[in-house]
Amino acid sequence: MIITVLHSHVSFYFIILSFLFFHALHLVGSDGATITIVNRCSFTVWPGILSNSGSGDIGTTGFELVPGGSRSFQAPASWSGRFWARTGCNFNSDTGQGTCLTGDCGSNQVECNGAGAKPPATLAEFTIGSGPADPARKQDFYDVSLVDGYNVPMLVEASGGSEGTCLTTGCVTDLNQKCPTELRFGSGSACKSACEAFGSPEYCCSGAYASPTECKPSMYSEIFKSACPRSYSYAFDDATSTFTCTDADYTITFCPSLPR
């Protein structure tokens, strides 16, 4: 009988400790965010990933993603960086070397190794909150940017979050079909920003135009904004283009308008 009672107490305490352990794991897991990349395009893309200075590694800086494919990453608390799609890539099966038609990062490899996208490219940008370590900075910030031009449609969706707008953002319109001739890249595989096309300070928000009061939307950025109202169309397009959420996970979808 004594043995039975002791065994019951041990079982009870084991259950309590197990509960506390898994609860602690849940709290640890809530730091950072899971970011999933989905390719709904009818063609293969090679996503590029650039972590900002001081941010941790999330496992890769570039990879191949076939139509219908997906891949997830755990971005740690306080991570910031960007994602984009490289298209028209050709990598040698023996050497691994090659280049991409749009979004190329100049590494000459599938991995971008700390290099960013060469414009034009549609960008998804994130700053993940610091979590419980710093409650003042717990919110995530995210956006889809056309400041460096456009190459593929993109959507960013937040799931499971709170304490913010947590809205879906992106550009589902095929801007390559609406691209002005003077902004067209190559045979029409991408659309340059006015800054990339002309290099003028008023388009690049640089020099005397490096402030929100001086740099205003141009006729070209308005074309982007009209087609994709929640995306950044020029450098100071913050008010309608940056979104926040807390404790969320995110899905980046390339070519989201195609059937699932």
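In case you wondered, yes, glycine gets a Cβ from its N, Cα and C as well.
The structure displayed is predicted, hence computed values, not measured ones.
Taken from Swiss-Prot, the feature disulfide bond applies to Cys41-Cys255, Cys89-Cys100, Cys105-Cys112, Cys166-Cys245, Cys171-Cys228, Cys179-Cys191, Cys195-Cys204, Cys205-Cys215. The signal peptide annotation in Swiss-Prot covers 1-32.
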Please report the Cα separation of Cys41 (disulfide bond) and Cys171 (disulfide bond) in Å, rounded to an integer. 14
Could you state the CA-to-CA distance between Cys205 (disulfide bond) and Cys179 (disulfide bond) to the nearest Å? 21
Minimum Cα separation from Cys255 (disulfide bond), reported as the residue among disulfide-bonded residues Cys105, Cys171, Cys245 that achieves it: Cys171
Give the distance between the Cα atoms of Cys195 (disulfide bond) and Cys215 (disulfide bond), rounded to the nearest whole Å. 12
Neighbour count check, CB within 10 A, over disulfide-bonded residues Cys105, Cys195, Cys205, Cys215, Cys228; minimum at Cys205
If we check Cα distances from Cys191 (disulfide bond), which of the disulfide-bonded residues Cys89, Cys204, Cys228, Cys245 wins as closest? Cys228
Just to verify: the residue among Cys112, Cys166, Cys171, Cys191 with the fewest other Cβ atoms within 10 Å, which of the disulfide-bonded residues is it? Cys166
Rounded inter-Cα distance in Å - Cys204 (disulfide bond), Cys166 (disulfide bond): 29
For Cys89, Cys100, Cys179, Cys245, listed as disulfide-bonded residues, tell me which one has the smallest number of other Cβ atoms within 10 Å. Cys89
Just the number: how many Å between the Cα atoms of Cys245 (disulfide bond) and Cys171 (disulfide bond)? 19
Can you tell me how far the Cα of Cys179 (disulfide bond) sits from the Cα of Cys112 (disulfide bond), in Å? 28
Reduced DSSP state (H/G/I helix, E/B strand, rest coil) at Cys205 (disulfide bond) is coil
